[in-house]
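Since the structure comes first, as structure tokens, the remarks are kept for the end.
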């Protein structure tokens, strides 16, 4: 992921090209062409050599104001008249336009660019490193203390509380805290779908022992349960909204990560080719087969995500980027298993080992899931005013929808005769992977790979059908649409909706985090767990 971090920082901190970054004040005063020479451009000085600042009779007819330094748009339009005329461009740039800029300006700004890039990479590395280290040490502390409550969720509450206290006593410090961790949160947001992929990649291994009839029942529960959860969350939000009659206000702007550059494709492509060849020649070059396969399997997953993200919107409805991720990784595993003679099962086994001392590519990606939960604290704090204003709609809808999702899944599993262990494994189908895995860890005998796969499947269903479903249900309010989407289809549904309905994004972000939080809280209760196990059979 180091290459991922470095290129992300370079993209976010690279300045505009020098041709577009020139200040408007670098343009000297100019006059338009004379009437008797319409096809030629006169020198950028009045032909009568007028020196006065007031308009002169000989040049008052020319639109000087439109070409003055104070009108950059008009000057840019003037430049566009002859985009390929290098001599004209040279004449339009004042000789002293870089005066006072120092050595950096004299050399084209390269030292400044380099400095910004290095600082950006360092900032990202430090902020993301702190988040990852916090998640790691919290896990170790909770394991040592035999605490089953999700450690990342506890850390999220702590970060959110610290931000609230700082905002009360020292708002400037709270803002500085947010600004410092912004590169890390944008990094997590940019690569978030990748963290869902590993369990989908190894799905062939996870469902091998699941009978076909049980697999069909799971699909029916997943699709029917998604639609029911969407309706319950959306209508609950609408009902509470009509009761409280709170006026909708504008939300805080949400930061957006940068798009993928051609350089990133080439970099990851080079990693894939070089590491695939290395693994083929010497399968234990890095100590174990899992570690040796890690670079090219990680590169294939990342490349699949990049390609999927660049597909036209129409194709994305059928081929979501996360599916491209899984297909790319699976094809790489098939190719390596065939060429090396080890087989696809061994390649997929090395992709997700679940052994900290011998990690695969999937283990690296899933290692960010705890950081995703910690990042919820920053997004919730940024929208704290919105949460406070619409607390009734948000918390009521999420509490009802989360409880309904868990118990309706258990009831449906019992009604259609699904095996109890499989029913328990898919209980948190509407909760983001990071917290869904924590929830099923409360239950014995759960198939965590199946849990993650069903969560991803639910998200894919929501990403493709949530807008059409809400239109049919008459859920037109941004609050209802945001809460309904995130409560039923977590992160993938949120990403799909926010791309076309940015006004619903803040409520998606809030509900996305709070749905998993509330589900984790109620499942941490022994009484709730026993009731769910009893219903599931």
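Backbone N, Cα and C atoms are what each Cβ position is placed from, and that goes for glycine too.
Listed in TrEMBL:
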- 153-174: transmembrane segment (TRANSMEM)
- 186-207: transmembrane segment (TRANSMEM)
- 213-238: transmembrane segment (TRANSMEM)
- 259-281: transmembrane segment (TRANSMEM)
- 293-311: transmembrane segment (TRANSMEM)
- 318-339: transmembrane segment (TRANSMEM)
- 359-381: transmembrane segment (TRANSMEM)
- 393-416: transmembrane segment (TRANSMEM)
- 422-443: transmembrane segment (TRANSMEM)
- 450-470: transmembrane segment (TRANSMEM)
- 504-528: transmembrane segment (TRANSMEM)
Per the 3+ Cβ pairs under 8 Å rule, pairs at least 6 apart in sequence, do the transmembrane segment (259-281) and the transmembrane segment (318-339) touch? yes
Beyond a gap of at least 6 residues from its ends, the CB atoms lying under 8 Å from the transmembrane segment (504-528) belong to 148-150, 153, 156, 233, 251-252, 254, 373, 376, 379-380, 383, 386-387, 390, 394-395, 397-399, 401-403, 405-406, 428, 430-432, 434-436, 438-439, 442, 478-479, 481-483, 485-487, 490-491, 493-494, 497-498
Check: With an 8 Å cut-off on Cβ pairs and a sequence gap of 6 or more, do the transmembrane segment (393-416) and the transmembrane segment (450-470) reach 3 or more such pairs?
Finding: no
Key: Cβ contacts the transmembrane segment (213-238)/the transmembrane segment (359-381), at least three under 8 Å, sequence gap 6 or more   = no
Counting only residues at least 6 beyond its ends, the same-chain positions whose CB falls under 8 A of a CB in the transmembrane segment (318-339) are 193-194, 196-197, 200-201, 203-204, 272, 276, 279-280, 293, 296-297, 300-301, 303-305, 307-309, 311, 345-348, 351, 361, 456, 459-460, 463-464, 492
Given pairs 6 or more apart, does the transmembrane segment (153-174) have at least three Cβ pairs under 8 Å with the transmembrane segment (359-381)?
yes
Per the Cβ under 8 Å criterion, with at least 6 residues separating them from its ends, the transmembrane segment (422-443) contacts 148, 150, 152-153, 195-196, 199, 210, 214, 218, 221-222, 225-226, 229, 369-370, 372-373, 401-402, 405-406, 409-410, 413-414, 450-452, 454-456, 458, 487-491, 512, 515-517, 519-520, 523-524, 529, 532-533, 536-537
Long-range CB partners for the transmembrane segment (359-381) (under 8 A, at least six residues beyond its ends), listed in sequence order, are 1, 128, 131-132, 134-136, 138-139, 150-153, 155-157, 159-160, 163-164, 167, 174, 178, 181-182, 184-185, 188-189, 191-192, 194-195, 197-199, 201-202, 254, 290-291, 293-295, 297-298, 301, 329, 350-353, 387, 432-435, 437, 509-510, 512-514, 516-517
